[in-house]
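Chemist: Below is a structure I'd like to ask you about.
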Amino acid sequence: MLNVPSPSFPVPNSQQRVSAGGRSKIPLKPGRSLMDWIKLKSSSKDLTGLGGRLIEVTEEELAKHNTKTDCWTCIRGLVYNVTPYMEYHPGGEEELMKAAGIDGTQLFDQVHRWVNYESMLKECLIGRMAVKHASLLKGLTSTENPKKALKNDTIASNVSEAAGKVSKPRYDWFQTDSAITIVIYTKQKNMCAEMVTVDYQEKILRGEVTVEDYSYLLLIELSHTIQDFEVFTAGCTGKIEVTLQKEDQKNWKNLGESLKGNNSFIKKSQRVDYYRRCRLASKTAINHNTRLFCFELPRCCHLQVPVGHHVYLKLTIEGIEVVKPYTPVSEDLVMDSIQSTQSNKNSIYMMIKIYTNGSFTPHIDKLEIGDYVSVSNPQGCFRMTQIEGMEDIFLVAAGTGFTPMVKILKNVLSSSSSLRKVKLIFFNKTEADILWKEQLEKLCLSDGR
C-alpha cells in the first residue's frame, strides 16, 4: 500500500489539502464573484473609509475595528479595511472575522499564502502598523525582479536557526577561457537536478537549491554576459555545478556583485515565491472541458518539477494578479523516457479543467499561442523515497486530482524494481470526464503491472 504520512502530500496548507481538510467555499450572493469584486475595486469608490488617506495604525486602534461592519486586519505590517470585501470572500465572513482587529498574518499564511493579497486588497489599504511586526520582515511582496526578490528575508536569524539542523551549503567558482563554473557544496545525499532551479536574465543569475525543508539562494549580478548555462548534480556527494558559457572569451576579474539575499539559507516557507514568464506553445483538448497546456521555459532557465510537487500560475486579470496552483504532468502517459526527459527540460505541461464561470481558467483558456503566463518555482515536500521498495501501490483520485498521479505512475513503472501492482481508483461524474482514458487503457495493455 502507498504508505505516505498524511502531512506529506499534498503539501501542508496547499489548496488541495486545505480544501480537503474542511475549509469549504461558502456560496456567495449573486453579484459577489471575484470578477464583481474586481469591478468594485475599479469603480473609484472609497473602500478604506478614510477617503484614500493613509495613516499609521497603533495596535490599540486596530483592535477597535473588530466587527463585521467595521473590520480591519493586519497582514505583514500593512492594515486593510476588509469590511467591503466581506461578502466577496469565498471562505465566508466568519473566516475573515477570525483576523478582525488583530494581526492576521499567521492565519493568512496557513490558508492563503499563495494569494496576492496586496493586489486583491490594494484599494482597501489603511496604512502601516505603528510598530513593525516581525512578520513584516518575512517579505511584503512576491516580485519578478530578482534584485528585489529577497529584500525582506530575515537572513541572519534564519541562518542561525537552520545551522543547528542542516548544514548551510557553500559555493566557489573557477574559470577557463570559455566558461565559468560555479560549484555549490550541499553535503546532501541524493541531490538531483529537480532540487535546483536556475534563471538568468539581464546579467542576473538566480540559483535556488532545496535542502530538506530549507532553501539556499545564489543571487548575483554577473561581471559579464553569458550565452547559456548547464546544471550538473552529483547525488553521492551533493555537489552541484553550474557551468556558464562566456559570451566573450575574456578573463573575469570577479564573478560579479552579490545582490540582497545572496548566499542566504532560510526555511522554504519563508522564501518569497519567484516567477519566470513562460510562453504558451500549444493547447490540446483532452476531453470536453479539459485542456493540456504546454508552456515553454525561457531560454536560460533550468526548472524541473519533482514528482508530487506543484507550481503556481499567475495572470493579471483586470489589474489584479490572480494565482492558482497546478501540478505539472508528463506530455503523455506512455511516451518513451528519452522523449520525456528531453521534453521536460524545455517545457512544462499543465492539464487544466476549464470552468465557464471560473475566475482564472476562462482567462488561461483564452490565451493565444505565443502569450505568456508567470510560473513559480516548485512547491511541495513529497519525495519518491517515501514509496521506494513498495510492492503494491494504490492511488486514489477524482477529476483533475488525477494530475499528481501521472508522474507517480510513470516513475514507479519505469524505475521501481520491487513493484508488483499499481492500482488507480479514479472517480469521475461521467465516462466522458475520464482524463486520458485511452492512454490509461494503452498503459494497462503495455505493462501488466
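The backbone N, Cα and C atoms fix where each Cβ goes, glycine too.
Pulled these features from TrEMBL for this protein:
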type	residues	note
COMPBIAS	1-14	compositional bias 'Low complexity'
DOMAIN	54-130	domain 'Cytochrome b5 heme-binding'
DOMAIN	166-256	domain 'CS'
DOMAIN	273-385	domain 'FAD-binding FR-type'
REGION	1-25	region 'Disordered'
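Tell me about the setting of these features in this model.
Modeler: Mapped onto DSSP helix, strand and coil, the domain 'Cytochrome b5 heme-binding' (54-130) counts 32 helix, 21 strand, 24 coil.
Sorting each residue of the domain 'FAD-binding FR-type' (273-385) by its DSSP state yields 17 helix, 50 strand, 46 coil.
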Chemist: Summarise the domain 'CS' (166-256) as counts of helix, strand and coil residues per DSSP.
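Modeler: Breakdown, helix to coil: 3 helix, 54 strand, 34 coil.
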